[in-house]
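Before we start, here is the structure in question, set down as structure tokens.
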Amino acid sequence: MVKAYFGYKFETLFGSIGNNGGVIINDIAYTIVDQYLLLLNIKTQEIIQQIVIEGKNIKITKIAIKDNTLAIGYHDGEIIIYNLIDNEIQCRFFNHQSEITQLVFLSEAVLISGSCDTSIIVWDLADQQLQFRLIGHSNQITALDIISLEDQSLAITQQFIVSGSKDGLVKIWDLNLECSVATLSSMHSEVTCLCVYENYLLICTNSDEVLIKSCQLISGKCQIDNDGIIKRQSFIRAIQCQYVQQKLLILNNEKKIEVYKSKQGKKLQKAENFSQSLIYSTVISQLNKIVYFQAVVFKNLLKIYIFTSDNQIVIKELNNDNVDENNNVAIQQITGQIKQIKLTQNDHKLVVIASNKCYQFDNETAQQINCLTNTSNLTSLCILPKNKYFMVGDEQGTLYLVDMNQNEIVFEQKIHNSNVNSIECHENCKAFNGLVIMTTEVDKKVNFVELFFNKTQKCLEFQVVNTIYLKENIRSAQFSYDGNYYAFAQMNNIISIYYCDSHKLYLELYGHSLPVLTFAYTSDDTIVISAGADKSIKLWATDFGNCKKTLKAHTAEVIQIKTVNDTHYFFSGCKDNIIKYWDGDTYQLILQFNEALTGIQSMVVGCIGDLFYSATKNGVIRKYVQTKEQIFVSEEEEKRLQDSLMQELQNKNKQQTGFDQGLDQVKKDLTLVQIGQQKLLETEQLMDILEKIKQYRETIDQGEIPNEDLFFNKNVTEYLFDHLQNSDLSSLMKFLHHQHLVTLIDEMNQDIALKQYPIIINKLITYIFNKVDGFGFNSHEIMMKVINIRTQLQLYFKKEKKIAGYNLDILNLMIQDISKNQDDFVFE
């Protein structure tokens with residue numbers, strides 16, 4: 001019998017505003033959250049739309065908007081064109097081979113993109129195709145902009161593309177010619193960003209300088225002039241710049257925006273030098289990393305929208321030289337790293353702890369209800385029965401009792417000496433006559449806490465009723481569902497189960513090769529499911545403690561195990577960004593969720609298993625809901641296999657595309673390598689020949705008889721110059737050693753060489769004089785030999801010229817004689 005299951009699908013995001021920048025248009029913020037786009041109303045601070053591209057689980061790196069057309073660039077190089085009115089994908093482009101770094105609209109029908117693959121592509125959105133590719137940079141594209149120049153002599157205005165790259169070059173591209181018409185160097189520094197103001201280029205490098213260039217269009221040609229340099233107040237790398245309202249704003253890697261203003265505070269006059277008109281004004285600081293900013297002029301007031309990495313948008317007003325701190329607006333929800341998430345027993349509320357705050361969200365509307373701010377360094381969370389109170393612990397060992405409805409701390413007490421890493425409760429524990437709360441710290445200490453009503457203070461408080469100490473450090477803790485046992489996962493790779501009433505050891509579960517990071521009971525208390533740093537999941541029987549099954553589940557540490565009530569189904573969350581849904585009876589993988597782009601930090605499952613939440617390290621909470629559609633394990637396995645094959649095929653296609661594009665260059669490189677190898681071989685052969693000639697001459701000088709067979713019974717000089725006649729002399733001379741060159745000069749001075757090979761000798765002399773410094777001539781005698789050879793060649797050529805002149809005169813006389821006596825000749 002084939003077993004059927006209900007599936008789950010991603011529904012919405014919780015508590016997210018943006019973590020990778022965005023764009024502000026007409027009080028609507030288009031923000032990036034991993035692979036999603038959110039449309040946020042700045043005035044009401046409400047999310048009005050979520051754009052989710054189904055099946056696309058790749059990080060968005062850049063967006064651009066023109067009217068109702070949205071361009072989305074991804075980390076894998078894909079570009080999606082999305083219609084904001086119809087909420088549909090218009091087209092997709094796959095021509096880039098790596099991350100999209102820049103997107104700029106030239107018009108509603110023309111998009112320009114830059115990538116880490118060094119290429120710039122102009123897209124025709126009307127025909128949905130690549131228009132042309134601009135190739136010229138040798139490193140990642142870091143900046144793209146459009147500059148419009150007016151040619152007064154021709155009375156035309158022309159648009160150019162301006163690009164900057166890590167290769168240190170700024171290029172200006174003519175859209176009509178489809179090529180670069182000007183190249184500017186940034187003095188061996190990377191171009192990190194640039195912006196355009198009228199006909200000026202403001203270029204930021206990874207130094208403390210901003211290069212100012214003025215551009216002019218004269219008789220149809222783009223002319224670039226140097227206008228000077230602005231010295232920045234910092235050497236910190238600039239990552240974004242914008243010129244607006246006579247102010248230059250530069251974002252650096254130190255969470256600061258540098259502001260430079262015009263000296264006169266007014267528009268630049270034509271006679272003025274731009275670089276000398278700007279002076280340092282102020283700096284805008286932010287506690288968290290600034291990902292992106294956008295300056296907007298609203299009613300002559302400059303507003304700066306700052307997108308931070310911790311999920312917030314800060315709006316600052318720049319009044320003259322100062323930032324008006326009184327009018328700052330921070331649009332935020334969850335800030336900081338999420339530590340833990342929990343659902344109330346009726347699934348009405350989601351409670352989240354993140355660093356210094358505790359948040360409450362409505363499960364249905366995803367709207368934030370409350371936010372507790374007077375806490376710090378929170379580490380653990382537990383919602384008490386009846387959904388009226390919850391408890392949180394911090395790094396200092398303090399436990400807080402919080403009224404959920406009033407959103408205030410009712411009671412707090414320091415009951416641990418270090419980090420409270422786990423809080424668990426059970427409402428019907430017989431050993432404690434009702435509700436008991438178990439808290440653990442890293443340092444082996446376990447406290448059991450009970451609530452009581454303080455009649456004097458007229459409030460609810462808690463007290464420690466029992467404390468035990470374990471032999472090993474504790475990673476996590478859990479009560480059994482019936483309340484008779486509690487268990488700990490310890491650093492010695494063992495799960496220890498104790499009786500609640502006597503606190504004596506009941507079972508120890510051995511089997512993991514590395515520390516157990518998480519575990520959970522099934523609701524019938526028959527199975528304990530554990531996982532940890534060894535990447536495996538183990539299922540244990542609670543009666544005898546035997547391991548029923550080991551699943552090689554993930555490719556990294558498993559952080560979370562969550563079971564579904566009244567079933568043996570469970571979820572596993574991992575650092576490999578994947579959540580898996582398992583059947584604990586058949587040990588089969590039911591579903592796999594790949595939406596997370598960073599490691600899973602926390603998970604929670606609804607009381608009846610119809611929904612679950614996952615939280616990742618970068619502060620993104622995703623809600624999944626159960627569907628009514630039945631799924632089958634075999635079909636899902638086939639889908640995963642197909643997805644894997646499709647991904648592999650796409651990777652191969654990308655490689656093939658890259659191979660096809662670079663095939664010509666590879667052929668050229670191979671040809672150059674072959675030519676280089678051939679030249680090297682010819683040089684080695686020449687060195688061997690010269691070495692043999694040197695030994696041959698030394699043998700004769702010593703009065704001995706040389707071996708004539710070394711040169712195949714040819715004259716030594718003829719043998720040498722026959723080899724030189726078929727070789728590339730310029731390459732040979734580059735690699736020739738000094739001692740071999742001396743031998744060559746001696747052979748050039750032979751009479752037979754001067755008579756039979758004057759052209760080759762003339763070329764050799766030219767190469768020798770061009771490379772004198774390289775060869776290191778210090779000998780006067782050798783130089784005299786070369787000069788003597790040159791003199792003999794000059795005499796030889798003069799003689800040959802005279803002979804040629806005589807022959808030419810005789811030929812002319814013969815032609816004249818033939819023309820006079822033409823009638824006497826009879827041609828048969």
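The backbone N, Cα and C atoms fix where each Cβ goes, glycine too.
Checked TrEMBL, it gives:
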REPEAT    93-133  repeat 'WD'
REPEAT    159-183  repeat 'WD'
REPEAT    509-550  repeat 'WD'
REPEAT    551-592  repeat 'WD'
In terms of Cβ proximity under 8 Å, which residues at least six beyond the ends of the repeat 'WD' (509-550) contact it?
475-476, 478-482, 485, 487, 489-497, 556-563, 565-568, 570, 572, 574, 582, 584, 587
Using DSSP, break the repeat 'WD' (551-592) down into helix, strand and coil residues and give each count.
0 helix, 24 strand, 18 coil
DSSP on the repeat 'WD' (509-550): how many residues come out helix, how many strand, how many coil?
0 helix, 23 strand, 19 coil
When secondary structure is assigned with DSSP, how many helix, strand and coil residues does the repeat 'WD' (93-133) contain?
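Helix, strand, coil within the repeat 'WD' (93-133): 0 helix, 25 strand, 16 coil.
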So, by DSSP, how many helix, strand and coil residues make up the repeat 'WD' (159-183)?
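Across the repeat 'WD' (159-183), the residues distribute as 0 helix, 18 strand, 7 coil.
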